[in-house]
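Participant: First, the structure itself, so that you have it in front of you.
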Amino acid sequence: MNNASLLPIMALLPFLGALVPGLMIRAGRTACATFTAVPTILALVMLGLCAPDVFRGEVLQIEFEWLPALGLSVSFFLDGLGLLFAGMILFVGLLITLYARFYLSGDDPAGQFFTYLLLFQGAMLGIVLSNNILLLLIFWELTSLSSFLLIGYWTHLPEGRQGARMALTVTGMGGLSMIAGMLILGNIAGSYELTDILAAGDAIKSSDYYLPALLLILGGAFTKSAQFPFHFWLPHAMAAPTPVSAYLHSATMVKAGVFLMARMWPALAGTDAWFYAVGTVGLITMVLGALIALFKDDLKALLAFSTVSHLGLLTMMLGFGTEAAAIGAVFHIINHLTFKAALFMTAGIVDHEAHTRDIKRLGGLRHLMPITFVIAVIAGLSMAGIPLFNGFLSKELMLEEAAHTDWRGSHYAVPILATLGALLSVAYSFRFISHTFFGPVRDDYPAKPHDPNFGMWAAPGLLVVLVLLIGIFPQATVGPLVELAATAVVGHELHHWHDLKIWHGVTPALIMSAIAVLGGLILLALHRPLERLWNAVPRPEAKVIFDHVVGWAVAGSDWIAHKTHNGAISRYLAIFVVSTLALGAIAASGGGLAPATRALLPVPPLAWIGFLLLVVAAIAVVLLHRERFLSLILISIVGLGVSGGFVYLSAPDLALTQISVETVTIMLMLLALHFLPKSTPAESGIFRRVRDGAIALGVGGAVASLTFAFLLRDFSSISEFHLTQSKVGGGGTNVVNVILVDFRGYDTFGEIIVLGIAGLIIYALMHALLDGPAARRLRNWEFTQERSRDRHPMLMVIATRVMLPMTAMVGVYIFLRGHNEPGGGFVAGLIIAIALLMQYMASGFGWAQERQRIEYHAMIGWGVAIAGLTGTAAWLFGKPFLTSSFGYFHIPPIEEFELATAMAFDLGVFLTVLGAVMLMLYSLSRIARYAGETVNTAAMDYDPSQGIRETTEEER
Amino acid sequence: MLSEIFISALLVIGGVFGLVGSYGLVKLRDAMQRLHAPTKATTVGIGGILCASIAIAWLERGVASTHELLITLFLFVTAPVTANFIAKAYMHRNIEAASLPQTETSCGWAGYAPPPGENEPPSGDKSN
């Protein structure tokens, strides 16, 4: 088996594993932690299997297609850089799991924590293994999301929530910027495969779009890696539990930005723009982060700003764009991981045992916590860059490289600032050690500090052993790995590789390093007066600025939302139609309108009459709309007029549908009007009326002229296809019906679902409404008019009984002939609904309800189910969803007839329509019940046959 | 030729009655009087047209057409109900119970008095 096939499994393992701890939250912390370690260990083993191949110089690759049309594929690759990062992520993940097991208290939901941790680990692994930049972006966003969950893990702490939000906002915005940059990059390179992009480095650098792509991608990398001026989110993310901080801010999350810059190095680095953007930002971040770190009293805040500073160092090294700097950066990534993770865990131990992280309240812990003290000293000296510790080696490489770097012609700017950064770094590292562990033992710690149990110091202990091993035997321990990863960063064989060693002779770097150490010690001695000065100088507070910006954004969005969504439907309609009108006007002014190809047909007097009737009725609705009953009548005239128009224009199907829809609508509206005020109060002023009138006329005119323009021109449309294929392909001569149930069956299927949902929503809304204040209003409803005493007149009841079978017959007839002649399930459903509506109106809902065998909800459900099953039945024959088939049958006594599967589909439509309409009626009757209507048990008010029956029984 | 005259006569009769009915709807004074006018149109008016339709199908094309009978049936069932309801609504809105003559039975007018066998419900009671 090829080892490359392990890559997707490796990337997927943490996600699969993430399901487990969350589910076994009750099994306790140990079980959760164990099951978190399992996928991590498995992935590490797989990585170990792949490692020999990578060390031989191979690049493992595997690709599966996902959305080839978008250039998105699930493709992974593993080279030296990926191996280094994947190893770090998994190795530190394992240590963090162990540490977190002992760090979390019994009250914390440990299952959740480990689930988030694995999600995050999977996202990070995905980033470093992806070979497709779109896939990489997906994982990139996943790290933002999962780190949000991790940082805000202690949801009861406001700092935790705010820190998590800030981290998500900043890194999420960066992610958006990176999406844009990556898309541009993929466009230049002509492929979204990372290996292709890296190979196209020269083409990318010479492209006009190089600069925007570079800046956008750097926007993503800088926000993730907390580079100036986006560094402010990282310290606030320190509100997270310490294992999270140790994981996110030493090995993973913030290194993702650095990883990306290293990954893109062959494609983007080496230009002036790269040098000045990346190198300068890195330099500023390094010095600024170190300066702030010196004056932080919170141990974790100090470490956070030192992380910012070290990330700046890495960024700067990558920005130099030279091979030696790339080697130094890769080496420092490893070293920073070891000492910083150890330091974070140490800070966590101090916090855990002493119940404070405030340096001002600590001191003298070396006697109380000797093991922790040793760990902190080793890691701290490494951070300071003292010889024999690994931090020294990579810092030497950095200073060496800085000594040779010119910045805008100046030989001194970069070396001096780099030395300053190193000097400040020495100062805060020593401060961390001396102010926490040295000095007299105090008697006012919030808790009695002591060394933690083995489980808690095992992970940092192991890390500082690595610090020492790498520091003393650099080439033997990590030399080959650094060489391999650096080769992957620069994208070709290294020309200037020297084995890593401690002593290089007296070089400029050594002198700068000595200055840094001495200067750092002096600064520490002067810390007290310097701190007073620092506190006296005003500084911009990033969180305040951030909160203000967020506040403005929220207020702005609120303003827009409230202006456009003020709850009045007229406002939405106005916005919608005016913008459509504007777009239409722009389109019309484009001048692309072909000259008319058809002449106007003669207009017979009948058409004129119908047209005038429509216009007059429409105007009358506008004038009389405050009288609601009258306007309903007028609306029904418009509906009839439109139906007549359809008949005149040879669209009997539409006419039939229109007329039945009109009937049902008017009936339901009349019933609803019963519970509404009978007239609309005049509320709008003259200005609004004129404005709304102008909008309405404008849109009406636009639609009319658009229609007119269309009718005067010949254009090819899909109608030709429908007309020719209706009989041959769909087996029906009624093209409209064949379109509905066959050609566009999917649409119809969606529409009946929508219709069913609408019916159910009306029912549900009514349910909610009748629990609230509306129910009280209804109970107190005073019918303004005196009500008639005969609610269910005999004549009406008898007539509807007589009509029922006839109407039902018409409905069935319309349904059956639908495929070939005007009709179909929709119209049939409406006709049957009308027949039933009449029964309900004549004899009352209570009486009719008792005689109804099928629940309307069930009817809707059956309708959708039948239509859907008809569609899926096509699968049994290996055809796509909703493929219809038909055949002609001949059973002797009757004529030859046709059966089509579309008919079953139409039955689904029929049932859904019927169910939805009846459910609406039912909802109305519920209102009536609340408004005090009594439930009738008899079919009619006075049944004369009842009297006759009684007399005959008496006579017997 | 003869059939043409016959069909034309039917059409003319139907048309005249339809016109008379519509004219009456405009001309007559109040709703109760106007109720009479459309009855001309719905019976002989539409009836004439429907008969003409049957005659055309039968005499000219030799097909027996029965659709028209169904339409007639629907009209005959619905027209009285419509008229009945219009009259009831009109009475309900415009005529006081006191101005109506006494009924000859123990029950009052439909719509004004409760139906037979049902007592007058206490007014204002809405508690189901």
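Cβ atoms are placed via backbone N, Cα and C, with glycine included.
Keep in mind it's a predicted model, so treat the numbers as computed, not measured.
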Participant: Would you mind telling me which of A:166-189, A:238-261 TrEMBL tags as transmembrane segment?
Facilitator: A:166-189
Participant: Relative to the transmembrane segment (A:32-55), which of A:75-98, A:166-189, A:629-649 accounts for the most Cβ pairs at distances under 8 Å?
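Facilitator: Maximum Cβ contact count belongs to A:75-98.
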Participant: Taking helix as H, G and I and strand as E and B in DSSP, count the residues of the domain 'NADH-Ubiquinone oxidoreductase (complex I) chain 5 N-terminal' (A:70-114) in helix, strand and coil.
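Facilitator: With helix first, then strand, then coil, the domain 'NADH-Ubiquinone oxidoreductase (complex I) chain 5 N-terminal' (A:70-114) has 30 helix, 7 strand, 8 coil.
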Participant: For the transmembrane segment (A:209-234), give me same-chain residues lying six or more residues beyond its boundaries with a C-beta closer than 8 angstroms to one of its C-beta atoms, as numbers and ranges.
Facilitator: 140, 143, 163, 166-167, 169-171, 173-175, 177-182, 184-185, 187-188, 249, 253-258, 260-261, 264, 268, 271, 273-274, 277-278, 281-282, 284-285, 288-289, 304, 307-308, 311-312, 314-315, 542-543, 546
Participant: Under 8 Å between C-beta atoms and at least six residues away from its ends: which parts of the chain pack against the transmembrane segment (A:629-649)?
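Facilitator: Those are 606-607, 610, 613-614, 617-618, 620-621, 655, 658-659, 661-662, 665-666, 669-670, 673, 678, in sequence order.
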Participant: Using DSSP, break the domain 'MrpA C-terminal/MbhE' (A:688-767) down into helix, strand and coil residues and give each count.
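Facilitator: Helix/strand/coil tally for the domain 'MrpA C-terminal/MbhE' (A:688-767): 68 helix, 0 strand, 12 coil.
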